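Engineer: Here's a structure for you.
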Ligand code: CMP
């Protein structure tokens, strides 16, 4: 089934000028970037986006890191896009990520892990709606 998923290229990656290299991995995997915008998240945006982690010990640091520098927010489209992108990203902890994945290639640590991707189709819809209107997504 053709799906859409939400992606963020995180500050650790934009800071190191890795947007193009990460997009190349995404496109080589057969995912299509159907919307993309560079944006500096506000603290409120980051807090809301990561609300599910509010009680976790790393929440404060996560919000700080995500607002430190610009990010690139994206909508990716393709066959089974949600699961496909999670495969392309690799494990949250780069030490456990498989060879050839974005996190294995570029991530610095579990916190500075270069990319975010939605974990389900329902969350993809919620996350996309936080950053894009329907007319900004051109499939
Ligand atoms: P992400 O997919 O963006 O979702 C939540 C983020 O929290 C995760 O990637 C990591 O970057 C970050 N994080 C920091 N520490 C941890 C941790 N101990 N476990 C899981 N996620 C963590």
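From the backbone N, Cα and C atoms, a Cβ is placed for every residue, glycine too.
Annotations for this protein, taken from TrEMBL, read as follows:
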type     : residues                 : note
ACT_SITE : 116                      : active site, pros-phosphohistidine intermediate
BINDING  : 10, 58, 86, 92, 103, 113 : ATP binding site
DOMAIN   : 2-139                    : domain 'Nucleoside diphosphate kinase-like'
Engineer: So which of 58, 86, 103, listed as binding-site residues, have a Cβ under 6 Å from an atom of ligand 1?
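Structural biologist: Going through 58, 86, 103 in sequence order, those close to ligand 1 turn out to be 58.
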Engineer: At 10 angstroms around each C-beta, which of the recorded positions 10, 86, 103, 116 has the fewest other C-beta atoms nearby?
Structural biologist: 86
Engineer: Can you tell me how the residues of the domain 'Nucleoside diphosphate kinase-like' (2-139) break down into helix, strand and coil by DSSP?
Structural biologist: 66 helix, 28 strand, 44 coil
Engineer: Using Cα coordinates, what distance in whole Å links residue 86 (ATP binding site) and the residue listed as 'active site, pros-phosphohistidine intermediate'?
Structural biologist: 9
Engineer: For residue 92 (ATP binding site), list the number of other Cβ atoms lying within 10 Å of its Cβ atom.
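Structural biologist: Excluding its own Cβ, the number within 10 Å is 14.
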Engineer: Which number gives the other C-beta atoms within 10 angstroms of the C-beta of residue 113 (ATP binding site), all protein chains shown included?
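Structural biologist: That number is 23.
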